[in-house]
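Student: Okay, so Swiss-Prot annotates it like this:
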type	residues	note
TOPO_DOM	1-22	topological domain 'Cytoplasmic'
TRANSMEM	23-45	transmembrane segment
TOPO_DOM	46-75	topological domain 'Extracellular'
TRANSMEM	76-95	transmembrane segment
TOPO_DOM	96-175	topological domain 'Cytoplasmic'
REGION	145-165	region 'Disordered'
COMPBIAS	147-156	compositional bias 'Basic and acidic residues'
TRANSMEM	176-198	transmembrane segment
TOPO_DOM	199-228	topological domain 'Extracellular'
TRANSMEM	229-248	transmembrane segment
TOPO_DOM	249-396	topological domain 'Cytoplasmic'
REGION	353-396	region 'Disordered'
């Protein structure tokens, strides 16, 4: 018997199962397929040829063997393996079809994109080039990146390991997986009950037959009954082990789903304000470690040429000169009155200085007065010269 086709299918199921499902698959291949193909064929090859009855009545021996074994043990176990593996094979076909469809849809979406770019952050250099202060600008801005480069980076990063349950859920195969698991469990229970009613737990060394055309009750003898009994008990144990693995896998899926839901709720409670504000990729932000400072209006992020920068600088200088020229033309009309008030304040200050010096040095009033007079004259001449030039600066 060739098992290569079924074995290849079951190996493909190994890639779309949980770790409990992988254990079940190992038990199915090693203990069921190998034991049935190797041990069963060698043990039960002579079950009918060595079935001997103590009668010479034609046809009596065949009728008695049919009563002893309505279905051959090996054929029963082969039929059991095929039916138990059928739900898994159907699940595999559905999974391959759905995954291929999803990949095809993703490929179409990527091909339909007119601008296959992704966002990444880069330091803004346009403003720095115009300032010419040789200082780094901490502000960061998004830059477009090719989607292929992003995919290469994602492929280079190792994927987190898991037991297969999350992969099944992400692919949308959880319902089909649970359905095939239930069908597999039902088949296991059905074949376990059928094996008990057909063969029991022991292969007896002889069998009493009274069917027609046997003239009376006759005794029939079975070859190697002890060996066949041991093999029968082994197959009972393998069936029970597969049934326990199915139950364990269902519990694993149930508790794993509950644990994931509880963890997601706990993360939401721990970080309630994670999504309370709108997020946009176009908003500039500073990297960690930089102090936020108010900056002038940002120049639009473009690679400005030297000609454009020079043109903008000349335009700004011209506007500044025009602004300062207009300020000089709009001097106040009462400039002379302001100068008179300044001279009067200067005279009062001189008188106060003379009085103070007269009190402290009464012997030299003339010398002080002469010095003060010369100083006042020089100040007046300076003020008159400044007013004549039309400047607003006044020397005191």
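Yeah, the Cβs are placed from backbone N, Cα and C, and that goes for glycine too.
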Student: Please figure out which one of 23-45, 76-95, 176-198 racks up the most CB pairs under 8 Å against the transmembrane segment (229-248).
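Tutor: The stretch with the most contacts is 23-45.
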Student: Given the model, what does the mean pLDDT over the topological domain 'Cytoplasmic' (96-175) come out as?
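Tutor: Taking every residue of the topological domain 'Cytoplasmic' (96-175) together, the mean pLDDT is 57.
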Student: For the topological domain 'Extracellular' (46-75), what are the same-chain contacts with Cβ under 8 Å, counting residues 6+ beyond its ends?
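Tutor: Hits for the topological domain 'Extracellular' (46-75): 36, 40, 198-199, 207, 209, 211-215, 218-223, 228, 232.
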Student: Excluding the flanking five residues on each side, which residues at least 6 beyond the ends of the topological domain 'Extracellular' (199-228) place their CB within less than 8 Å of a CB in that stretch?
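Tutor: For the topological domain 'Extracellular' (199-228), the nonlocal Cβ contacts are 43-44, 46-47, 50-55, 57-61, 63-65, 67-69, 73, 236.
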